[in-house]
C-alpha cells in the first residue's frame, strides 16, 4: 500500500596522479632525458666483434640530425603517453591510489559523528539512455545530467579551511564531468556556493563505439586537494527512438512499474524551448533549468482516486492507468492514462509497451478529455478535441505532448571522522544487502555491495566489529555482543537498533543507510567455546560453500529470530522532509495548480 501527498515538489584543470621512475644526479637533482640516455649508454657493457669503420663528418652530421629528430619524436610520444596515463590514473579506483595514511577512528569520534551527522553527500541524477550524435551534430543529453550536494559537511569543511588560513579560492569546490572518453574533454561544473549544477553540453559521438558508458565526476578543492572521482550508473547508448511497435524482447528499452522517469516537453522540436516536469515549493511546474525524477506506478484500472493506492508489477503499456509520484517530495498527480502520440494525435486504442524517448500524453482519468499540459511555466489541464473521422483518436496541442525517459541515480555519502585526509575518498563503498548467518555466541553478518577494499571495517553504531575482506563485493564481520551497547545486559531484553557504517583506516566514515536490530531473547544463551577468530578462519578456508548454504537458509527476511539474536532493516535516507498533505484544486485551461 503506497501513501503519498496529493498534488503537491576558475579553476585550473584537475590534478592527475601518475607514477614514474626518475634518474637523479648524485646531488639529488633529476637528469634530463639526454643525460639519462648517455648515463645508460655508459653503464651498458659491450660485447662482440668490432663494428664497421666510423662514417665521414658529413655522414656523421646527417646521422646526428636524424638521431635528433627521432629523439624529439620519441619525447613527444612519451609526453603524450604520460598525459594519457595521468588522465587514466586519475580515474582509477582505490587499488591504484597512493597509500592510505592510517588514522584509526576512535569511539569518541564515531559518537560525535552520530550526534552531529555532518555528512557530505553527492548525488548524480541522469537518464538511463543517451542518444548518439552523428557526424558534426551534437545531440546533448536530455534531460541533462545533474549533480546535487546535500549534507551540512560541505559548508562545515569550507569554513574549517578558511579558519586554517586557506583563501576563498583555495577552499572553493571544483568539479569536472565527462563521459569517460579520452576523445572528449571533461567539462567544468559551476558548484561555487550552490548545491546543484547541470551539465548541459554533454554528448556522445558515433565514433565512440561503446554500447554503455558511465559519467565521471572529478571533484577537488581550489588548492588542488583531490576529493575523488564519482561515477554515475551505467547509461545505454541508442541511435534514435524506435518508431516500431515495441515488444518486451527489448526489455532494457521498456519502462517497468516502480521505476523513475523524467518528462520533458519541446515545442516545435526547438532545444531552447525544452521544459521539464518538476516539483518546487509544493507545486508542479514546467522548469527550464531543473527536472524531476518521478516514480511511475502501474495501477488497476478500477483503482479509485486516493492518497493510498495499490500498485502492480509489470511493464507500462499504452492505455494503462498510472500514478506519477515525485521521488523527492512524495507529491503525486491524479490517476492518469498514458496514451501514445502520433502527429499531435492521442491514440486511444494503442496498447504496446512504452519505450524510451517515446512521445506520449497523459489523460486525466474520469474527466472530459482533459490532458496534462504545460503553458509557459504552469502545469494546466488541456481539453482535447475529438477527431470526427477517426473516433479512436483525439487532437491535442504541443503542450500536452511529453517525451518520457527512464532515469537513474548514483549517491555517495562520506564523512572525515578524524579530520581531513590526504587520499581521495573514492571509491565510496556501497552496501546493497545484509545477511545474518549463524547464531549463539558468534553471529556473522555478510555485507554485499560494491567498491569494498581491505581497508574497511564494519561498525555497529559506535562499536567496531571484527571484519574480514572477501572481495570487492563481499565483507564478513562478527556481530558484537549486546553488552557492547548495554553494559549491564547479558542477553537482549528489548529491541535495540544500531546503524551500520563502513570506516576506512584513515577515519573516513561511509554511512550505509542500513540498521541492525537486536531482537529480544527469553534468557541468557548457553556459552559456546567457539571464538570469533576460529569462525573467521574457518570461513576464510571454506569461502564458497559455507556462505552459499548459510545465506540461502538465513537471509535478511528471517534474521530477526531470537536464536539469531538480531535483525536487519533497510531504511532509505531522505534529504528533504516530505511536505504536509494539503488540498489542491485543479483549474481548467489558462491557470495552473493552486
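Glycine is treated like the rest: Cβ placed from N, Cα and C.
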**Q.** Listed range which Swiss-Prot flags as region 'DNA-binding', given the options 221-226, 227-232, 233-238, 239-244
**A.** 239-244
Q) Per Swiss-Prot, which of 131-141, 142-152, 153-163, 164-174 is region 'DNA-binding'? A) 131-141
**Q.** DSSP-assigned states of the region 'DNA-binding' (131-141) in counts, ordered helix, strand, coil
**A.** 0 helix, 2 strand, 9 coil
Q. Can you tell me how the residues of the domain 'IPT/TIG' (429-519) break down into helix, strand and coil by DSSP?
A. 3 helix, 56 strand, 32 coil
(Q) Taking only the residues in the domain 'IPT/TIG' (429-519), give me the average pLDDT of this model. (A) 91
